[in-house]
Amino acid sequence: MARRRAFPAFALRLWSILPCLLLLRADAGQPPEESLYLWIDAHQARVLIGFEEDILIVSEGKMAPFTHDFRKAQQRMPAIPVNIHSMNFTWQAAGQAEYFYEFLSLRSLDKGIMADPTVNVPLLGTVPHKASVVQVGFPCLGKQDGVAAFEVNVIVMNSEGNTILRTPQNAIFFKTCQQAECPGGCRNGGFCNERRVCECPDGFYGPHCEKALCIPRCMNGGLCVTPGFCICPPGFYGVNCDKANCSTTCFNGGTCFYPGKCICPPGLEGEQCELSKCPQPCRNGGKCIGKSKCKCPKGYQGDLCSKPVCEPGCGAHGTCHEPNKCQCREGWHGRHCNKRYGASLMHAPRPAGAGLERHTPSLKKAEDRRDPPESNYIW
């Protein structure tokens, strides 16, 4: 790996904005053959201090000269400026050597101003062999102006368990935070974070936390004013304004769904479901299910359920008089009107003066069989 140059002329500026991991120190007796590297890449350096060059912090396990005297540096070290929210460091274990790290402490000492520092890697792990970024974040809460003190304590060991690098014990760093101002302010207990965005408490949302969240949502134009509480418009009530307060009654099983409006069952219409869609009433127990359309009970058919059904019909010599009852024409009888009177006596001698016997129509019960239904008959 190519060596990166250290820049002693930048030391004072680095102390003012890079106080955390730059204060790593090497343990006494560190072996010279270690292959651990830590640096700030050119892009991050340009963002932080305006110079686009890599800034070396640790090379072959050894600290850059400008990071050695921590106590003197801490005495003159100002707080991290308001506009610096995080810093990126790049590290790498070159060759085959294995290094293990542990963040022993990430703690804010002024939690009303800044939350605990954050890192984008596990708190315990191995230094990667491929150059990788470690980001340390300084999360100001935006609730008030002030300077927050915090700790970042990390240790790096080799595969034999020897400490290679560590932050000094009881090292305290500082971050300047500012009370954020969100345009329009934050309502309902929300607070403006350092990005000037309102963070809303549970149950509220919106750019200013001005909207309450009701589950289920308010219906029929209801307004959610606090979490779970709807103000209903006139004519509605219920937890989520789902019920209508009808001033009129819905007849015939209709249901009021809006003030003055009813949902009518099939076959009925009108503002109060008082009108049938069938101009003439359905007969024999039939029910109106649409405009001029009846649903007939078993045994009847027709537009108005006025025609009885005989199963299996009355043949050519009878008519269906009642459900399953045939009325036979003169001279015929039987369940289906298919038997003729006197058919067996046609060739027998008749008494003198005797005439043909006239029979009155008779009612006979038919067997079970269905006739084709009419086109508008619904079984």
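Numbers run from 1 along the shown chain.
Backbone N, Cα and C define each Cβ position, glycine as well.
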State the disulphide partner of Cys218 as given in Swiss-Prot, choosing from Cys230, Cys232. Cys230
Residue distribution over DSSP helix, strand and coil in the domain 'EGF-like 2' (211-242): 0 helix, 11 strand, 21 coil
According to DSSP, how is the domain 'EGF-like 4' (274-306) divided among helix, strand and coil residues? 0 helix, 11 strand, 22 coil
Disulfide-bonded residues listed as Cys198, Cys310, least Cβ neighbours within 10 Å: Cys198
Among the disulfide-bonded residues listed here (Cys232, Cys320, Cys328), which has the Cα closest to the Cα of Cys218 (disulfide bond)? Cys232
Checking the disulfide-bonded residues Cys198, Cys200, Cys224, Cys320, Cys337 against Cys232 (disulfide bond) with a 10 Å Cα-Cα cut-off, in sequence order, leaves Cys224
Counting every protein chain shown, other Cβ atoms within 10 Å of the Cβ of Cys200 (disulfide bond) number 21
Whole-number answer please: how many Å between the C-alpha atoms of Cys198 (disulfide bond) and Cys326 (disulfide bond)? 85
